[in-house]
Each structure stands twice: as C-alpha cells, then as structure tokens.
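**Q** Pulled these from TrEMBL:
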| type | residues | note |
| --- | --- | --- |
| COMPBIAS | 49-60 | compositional bias 'Acidic residues' |
| COMPBIAS | 302-312 | compositional bias 'Basic residues' |
| REGION | 27-101 | region 'Disordered' |
| REGION | 141-171 | region 'Disordered' |
| REGION | 284-321 | region 'Disordered' |
| REPEAT | 321-363 | repeat 'WD' |
| REPEAT | 454-496 | repeat 'WD' |
Amino acid sequence: MISALAWIPRGAAKAVPEMAELSEAELEAMKAAAAEEGEEQHEEGSDTSADEEDEEEGEEAAASGSDMEDEDEAAEVARARAVAASMRRSRPEGGAGGGAGGGDYLAAAMAELDMEHYDDDSGGEGAGAVGRILGSGNPGMSYHRDPAADPFLRSAAGAGGSDSDSDDDSEADAFRLRDDDLLVLAARNEDDVSHLEVWVYEDADERGPANLFVHHSLMLPAFPLCVAWLDCDPSGRRERANIAAVGSFEPGIELWDMDVVDAVEPLATLGGADYAAARAAAGAADPGGGEAKAGASGADGKKKKKKKKKKGAAPEVPVRPGSHGDAVLGLAWNQAVRNVLASASADRTVKVWDVSRQACQHTLGHHAGKVQAVAWNPAEPPVLLSGGFDKRACLVDVRMPDGGVVPTWQVSADVEALAWDPHHPTQFVVSGEDGVVAMYDTRQGAASAPLYRLSAHDKPTCALSFCPAVPGLLATSSTDKKVKVWSMADNKPTMLASQNLQVGAVFSMSFCGDSPLVLAAGGAKGTVSVWDLWSAGGVSAYVQQHAPAVAEARGGGGAAE
C-alpha cells in the first residue's frame, strides 16, 4: 500500500543521484550486528546431529554422483553402438567391406569411433581418429586456430562491444533526471517491507505519451505513516538539499537524503529510541556481563554448553529527550522558516522541531486525543493548525506556545485531514472519518459555524488538497476508492469531476505545485496514479473561467463563453 506521498519541487533533486558509501563505523556496526544475530541463531538451533547429517548427505551425494557417471558412460556407449548399427544398415550392397558379412563393418565403425579412448585427453592417443570424425582438432572445433583470424568472430565482437556501450549509455540516460520531470515521493509497504520511492512523471509531449515509473527507492526500518519534503539540510553542509521527512509507527522522525541511492541510514533522526541510553542501562544492571562471557570455558579448558535464553517481553527502550512517545501521524514543513518542521503524534502532542539543530523547540499538548494532521498557514508562518481524534481543529501561534486559550473548532468526527486555502489564507477545510468536509473562517472566531459542510464521500475522506494556481479548486480522496474535484466558488461546493484511479482505497493525494492541474494519488494497491485534470471537461471549463492564465498555458485559450 501507498500510505503517504509528497511532491518534490522541480530543480530540487540532483540530475544524477549519488550511490551511497558506507563509512568504516557503519561497516563495523553491520558486521557486529550480523555476528550477534548469527550467534543467537546458533544458540537457539538444535545441538544434535547436524554434522552427522551433513556427512551422510555427502556420502549419499558422492554415491549418487558415481552411479550417475556410470549410467552416463553406458548411455554414451549405447548411442555409439546404435550409430554404428545405423551405418551398417545404410551401407550399400557390395560396398567396401561387403565381404565381411556386416560384422567386420561394425567392428570397423567402432574402431573408427575409438570408444576405448573416449575419456582420454584430446591430445592423447586416439585424438587423431576423433579429429577426423569431429573436426580439425582446434580448441572448440573452430576452423581458425587463432580466433582473431575468424572474420565472423571479429564482426560479432565488434557488434557486441558496440551494443554494450550503447546499453550503458542508454541506462545512464534513463537514470538521469530531466529538468521537466515531475517527482513524487511515495511511502510504500508490501509484505511487511517498507520503502520510500521516488516516482517520475513525464508529461505527454512530442517525445511520446505520458509516462510514470519508479526511479529509485530506499528501504525504511518501520511502517511509514506520513511524509513531508523539505530543503533544509540537517547536517548543515549544504545551503539547500533534497530531504524527505518520514513519520512511522516509531516515535522518531527520519530525515533521508533523496539524492543518495541505496542509503542504509537516514541523515538524521528527530527524537526516537535512545539505544545508547538503553545499552548504558543494561551495562549498569549487569556489570559482570563481560566477565561471564569471557569465562564461558571452564577450568579444564572445555567449552561449556550455553543455556538457551528464555523468551519474554523485550526490554523497553527509552526515547531521546524531546521525542514523541508514540507513532508520528502527520508532518508539515514551514516553507517560510525553512528549518522548522511540525509533527503530530498518537501521544496526543504536537511538536515543533528545529531541523538544523535536530532538536525539539516546542511541545504542544492542547489535544485530548491522538493528533492526526498539522498544517502551517501560508500567509502567517508562525500559525499552526492541527486536528485530532478528539474531533477538534485547533489554532496555535508557536511564538506564544503557552499563550493561554487555544482557538478551537468542533467537527463532526475524528479528523482525517486539514488544509489551508492558499487563495484565502484565513480559511481552512477539515475532513473527518464520516466523509464530511467543512470549511471555517478564522476571522469569525473560535467555535464559529462552518461556512459550509459537504458530504464529499460515503467513507472517510483521507486527503484534501487545494489547487495552488486555480482559486476555489479543491480535491478530496477517500477509502471509497474515488478522487473528486470540487468548485468552492462563492462557498457553494459543486462537484466538477470524479475518478477511480485504480489505486484502491486512496490514502494520500496532492496537487503538484509545478504543474497545477496535475494530481497524484496513492492507495491500498501499492501504486501511484497521476491524473491530468485538464482532460476532465468540467475542470477545464472551470479553469478557463476562473484562471484564464492557467488555461492559456495549457493551450485552452481564454475564458469560456
């Protein structure tokens, strides 16, 4: 399934991603982990007849191999006799050797085959006879002793080298990202294995039809629940980077460099489990552990048998200071203050992080249930909107995190998603588990009535996205497998298009910032689909009327009559 996705802005990714290189410390850590895992498997395994079984299997294999060799040799001889008999039957009457009555002819044929020296080296006695029958005696039965003298081999080698070079060039060209490529981050889980993938969407042009494919991916250690793109490098080495923040069932937020292929570790982790503290605590609780391990052999020098460990509850690993204590359900990057990232968690808190320092700045506890989603206001960077399972949408100014009463709006069900209207920054929409979408205006104050309520879907409305270039154009998606596009003009919602994108239940969906009528969606089937809304008649008519510049860029002319 695709649990979350996000667009990467054009020009943010390297044209050719780098291959990951493991440091010496990482290699040593991987070796130590592999050795420890192998030791544990050995201890848990059976201590009985492994070697004896291997020896018996080896003897059986040897005996079987010998029998097979005898059978093969007998079959070779039988085939040779059959060939000789066929030659005797096809001999013309009165031909050479006819006076032998057939027996001498068979003996002559067998002598010509020289089967008695069949297993001898080709250079030994009898090689001449075999050579007369099978060829020149050159290695591989080739006509030319020097392969370089064979014109056919020369042409084949030349063509092969050319094809190989051409294939390499083709692969390198396919791996190179073009300036007009649209990139989508997709968090995927399949068979309990999680990946973060970079999908490439190539719009239809003179080179061919639209194309969508996975460019590269990296493996994630935990089931991903949310993803956000940002350009702040947590290492501080670059002014701008191509970073994906991933929230999962683990309490930490991983920051991955998407310009590196096959990376095994994130650049940084915000919060998360504190394994160093856990190891220190374990060492303090068992100070004699090392001596016990060193004394595994008795005084007589014989190695003592290790006792199997009793399986029980795994020891609880503490989290780092400032970390969430439960799964991270939502993420939002502040584009105006590039080092700031907000997170929502099942631990009922919202946290504001300084990515450059990899530290938590604020912890907000204004929700009474799990917090599902967060969003920064596009016009007021310090203003943060959050929604949770307490059926509330809350507004916080992070400059005054303890500033008293938090403005709150009650909604009809647990919050699934929320979004600010980029064309009217004082207004936001909230979707719920009941499929209802409601719009509120913050100027009307806390607990004010919604501007409208829309029953967008019969099942939970999982995602909301405003078109960045067309006012009043909103997309919604749901577990009912549909993506719908709405006109919100004059606060009177009207559906313009509805589409089943064949991704199953749609868990994540978003408009593209660089191509405003392109929308990506991912869902239960584990794939991403891209919908060009210009192909939907209702949407294109709306765009021509409300955003003629966008329509003209798509070749659609001015406003519709």
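Even glycines carry a Cβ here, placed using N, Cα and C.
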**Q** Tally the residues of the repeat 'WD' (321-363) by DSSP class, grouping H, G and I as helix, E and B as strand, and everything else as coil.
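**A** Counts, helix then strand then coil: 0 helix, 22 strand, 21 coil.
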**Q** Using a Cβ-Cβ cut-off of under 8 Å, list the residues of the same chain that are 6+ residues beyond the ends of the repeat 'WD' (454-496) and lie near it.
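**A** For the repeat 'WD' (454-496), the sequence-distant neighbours (Cβ-Cβ under 8 Å, at least 6 residues beyond its ends) are 416-423, 429, 431-439, 503-511, 513, 516-517, 519, 521, 523, 531, 533, 536, 538-539, 542-543, 546-547, 550.
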**Q** Give residue numbers and ranges for long-range contacts of the repeat 'WD' (321-363): same chain, 6 or more residues beyond its ends, CB-CB under 8 A.
**A** 225-232, 234, 236, 245, 247-253, 255, 268-272, 274, 369-376, 381, 384, 386, 388, 396, 398, 401
**Q** Go ahead and report the DSSP secondary structure tallies for the repeat 'WD' (454-496): helix first, then strand, then coil.
**A** 3 helix, 22 strand, 18 coil
